[in-house]
Structure formats: structure tokens, C-alpha cells
Amino acid sequence: MVNEISERVEKLFPALQTQRRDLHKYAESGWLEFRTSTLVADRLEKLGYSLQLGKEVIDADSRMGLPSATVLAEQEQRALEQGAIARWMPHFSGGFTGIVATLETGRPGPVMGFRVDMDALDLNEVLEDEHRPFREGFASANNGMMHACGHDGHTTIGLGLAEVLMQVRDQLCGTIKLIFQPAEEGTRGAKSMVEAGVVDDVDYFTAVHIGTGVPANHIVCGNDTFMATTKLDVRFTGVASHAGGKPEDGRNALLAAAQATLGLHAIPRHSGGDSRINVGVLQAGTGRNVVPSSATMKVETRGTTNEVNEFIYQQALKVISGAAEMHQVKFDIKLMGAAQSSTPTPAWVNYIHRQAEKLGEFEQIIDRQEGAAGSEDATYMMERVKSRGGEASYVIFGTDLSAGHHNELFDFDEKVMMQGIKTLAALALNIAEFKGVN
Ligand SMILES: O=C(O)C[C@H](NC(=O)Cc1c[nH]c2ccccc12)C(=O)O
């Protein structure tokens, strides 16, 4: 069975590479994955999956960090010009760019959920010969959007997995659910899919990532270091006045934001675990001789547990309102994203380990990756599945990178996609080996 899967996946490689490069070239940021979604939906339908799309899998009110209506409309238009398939667009229009593809095998067995993400980062790709995507003609055509975290690879893994599983459907049991999630960056999209009930029937859940510093031919079967996080946009609104003639009439939003920035970074640590705070963007003012009446900040808090993150977040709210009070300016706070901390379930990690072993492709099979990582909103899905007694894990496939994640020179070795597909396909094919037949 292992050899059969390997051969099938190897055969797909040229098509997978073309697919990945197409997605890379037409990179789309979170909630704007219009072209990507229409292509993914079309492919999955052709393969024979039943599809749930857009509002069926995205709870509108649980979406975080949604771009403005203007941006959504502009980008939908741009996607159509770049080859989005128009007949699918009504499902995704307005920022509902999520897809769940289901394969009912008709044989008894568990529901297995696989999650990949589809969004790019807000980043300009390097357009120079030293960078392979540019050299080979698939660098991002979209200004300010770049697949610099490998989600083009993840989406391609999802499509390749869909194809292989359909080829071997007679050997599968239970139900396969492939989840294509929007807006992972900024941890904005997963919650809306969880609230739409997407994983409520999933018994065994697996999310994937490539790279993240894990060497090529290594697999981490259960990454368990994701930090809980809260993302917020803060806007201070003061009063503009003549900086020379009437400074006392002004209410200085820039000072409030500056004060808040220093105060935020001075929030104490928490004995319950590591924490982070970052003011990543700070913009204020309009002119040299005007008391600045507006300021905006983009802030994130993190903690190794939900409690630690909540502590930092609550302190942050106090610092922000205190700084506003000090400078007599108004403020408002918008929640832009959030994720929980989560740990995989040991039995599922162990099963993944054994399947990876059988593939015979990996030099090292690691159960846990230690050390503080970033955040991931797949944790919402993991926690929902676990809360119902299910199994969940987050798997990392190591690969050689040309530069770190979120860097303008990021690229990866596309062979990793095949290792990903083989491993995930093995999880589905051999599920009878997990705790016997369900
Ligand atoms: O918080 C976010 O915006 C999500 C973003 N997530 C990632 O970069 C994914 C990620 C970070 N570190 C790891 C380690 C393993 C897998 C995935 C990751 C981050 O942490 O800034």
C-alpha cells in the first residue's frame, strides 16, 4: 500500500509543481483568496467531491480582520481579470473564501479532517534574478501580496491529497473532509469555520505546515508550542490645533499612542508562562506644525497559555485607556484576530509517527517540537475536535528554505509537497490501524 501511494503521488509531481507556481504567482491575502477559491472549488468538484462553500462554511460574524468592502470588491474584480472562474465567484464574494470538500466512502468509519490554508502575506516579493520565483517566472503578480509562508504549498498539498484519495477511494472507509481555510495570517479565519460547525463531526483532525525551520526530510508529528494570541487595531482620536499659536487647544493623539506603546512594552511578565507583546505599526499626525489629532496602532499579545495571553491582553486594554485618558483623546479598539494555545493528542501523534515510519521517506521523525513558536488559528479547530473527544494534531514537514518565513526572498523545495501528501494519504488509508476499526 505504501509503494502504491508513493507511486501515485510521484506521478502527480509535475502537475503539483505547476499548480503551486500558479497559486504563488497569483498570491492573495486573507479574505481575498477569490481566484484561489474558485480554482480550488472547480478542481475538487471535477475530482468528484461534494462541496460546501462560502457562507456554508464561514460564519459571517466570526470573521476577524476583514478588509473593507471597497478592497473586497476591487480584489474580486482583480481576481476575475487574473483567471478566477466566474461561475464559482458568487459563493466567495464579500470575503467568504472557504471550502470544505467531503468524500463519503459509504463504508463505516470515522470522519477525518485535514486542514490547509490558502492566504498570502501582505508583503512585496523580491523581483530579482537571485530569487527563483522571479527567475522562473512565477513571482507574485500582485503588489503587496506574497506567498512567503508556504500556504501555496499547503493548498497544493490539499489538492494533491484530494486527487490521490479519490484514486484509492475503494480502499478508504469513513468520511474524508478536506478543509481549505482563508486568512490564517493574523489568525483571522479559522474561528469563523469552527463557528460554522465545520469540524463538529470530525473525529480525527490534522493540520499541516511546511518549513518553519524544520530541516528537509524531517517530520514533526505533533507541534505543541503554539501561543494564544490576540490582534488589535487601536485608533486614538484627538483634536488638531496650531502647534505654535494654540497648542493648549489640541488633544495629542500621537503622544497618546507613543505613551501607550511604551506602556504596552512595560507590561509585566506572568509566572504562568511566556508572553509577548508587539506594537508592529504606529502611524500618527498629518503635518509638522499641527497638533496630531489621529494615531493608529497595530498590536498583538501572545501567551503560552490562554490565561497568560488573556492577562497580557487585559493589561494592554488598561494601558491603552490610561494613555488616552492622560492625553484626553478618544480611542477605539477593534479585534482583528485571535488564536488559542493547543496541544495535540498523544495517541494521534503516535499514529502519525507510525505512518511516517512506514513511508520510509524521513530521516528523522520527531514527535514534539520544543521551543516557543508562533501562533496558529488551526488551534481553534484542534480544540473543538478535542472538546468532543476527538483526536487532533499539527504536523510540520521540514524543507529547505531560501529565506525565513515572512521574508521577501522566501521559497521552498517543492518536493516537500509530495512527502506531505503521502503522509496524509497514509493516515486516511491505514485508519483501521488506529485503535482498531471504528
Ligand atoms: O499570529 C499570526 O499572525 C500567525 C503567524 N503564524 C505563523 O507564522 C505560523 C507559524 C509560526 N511558527 C510556527 C511553527 C510551526 C508551525 C507554524 C508556525 C504568527 O505566528 O505570526
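Cβ atoms are placed via backbone N, Cα and C, with glycine included.
Positions annotated as Mn(2+) binding site by TrEMBL: Cys149, His151, Glu185, His209, His406. Here His209 (Mn(2+) binding site) comes close to Gly150, His154, Asn223, Glu376, Tyr394, Val395, Ile396, Phe397: these same-chain residues lie at least six apart in sequence, with C-beta atoms under 8 angstroms from its C-beta. When secondary structure is read from DSSP and collapsed to three states, His209 (Mn(2+) binding site) falls in the strand class.
Among the features that TrEMBL reports, domain 'Peptidase M20 dimerisation' is placed at 233-317.
The Cβ of Glu185 (Mn(2+) binding site) has 22 neighbouring Cβ atoms from other residues within 10 Å, across all protein chains displayed.
Residues from the binding-site residues list (His151, Glu185, His209) with a C-beta closer than 6 Å to any atom of ligand 1: Glu185, His209.
Taking the centre of the Cβ atoms of Cys149, His151, Glu185, His209, His406 as the Mn(2+) site, the nearby residues of that chain (Cβ within 8 Å, site residues left out) are Asp117, Asp119, Leu121, His147, Ala148, Gly150, Glu184, His405. Ranked by how many other Cβ atoms sit within 10 Å of their Cβ, the binding-site residues His151, His406 place His406 at the bottom. The Cβ of Cys149 (Mn(2+) binding site) lies under 8 Å from the Cβ of Ala120, Leu121, Glu185, Gly211, His405, His406, Phe410, each on the same chain and at least six residues away in sequence.
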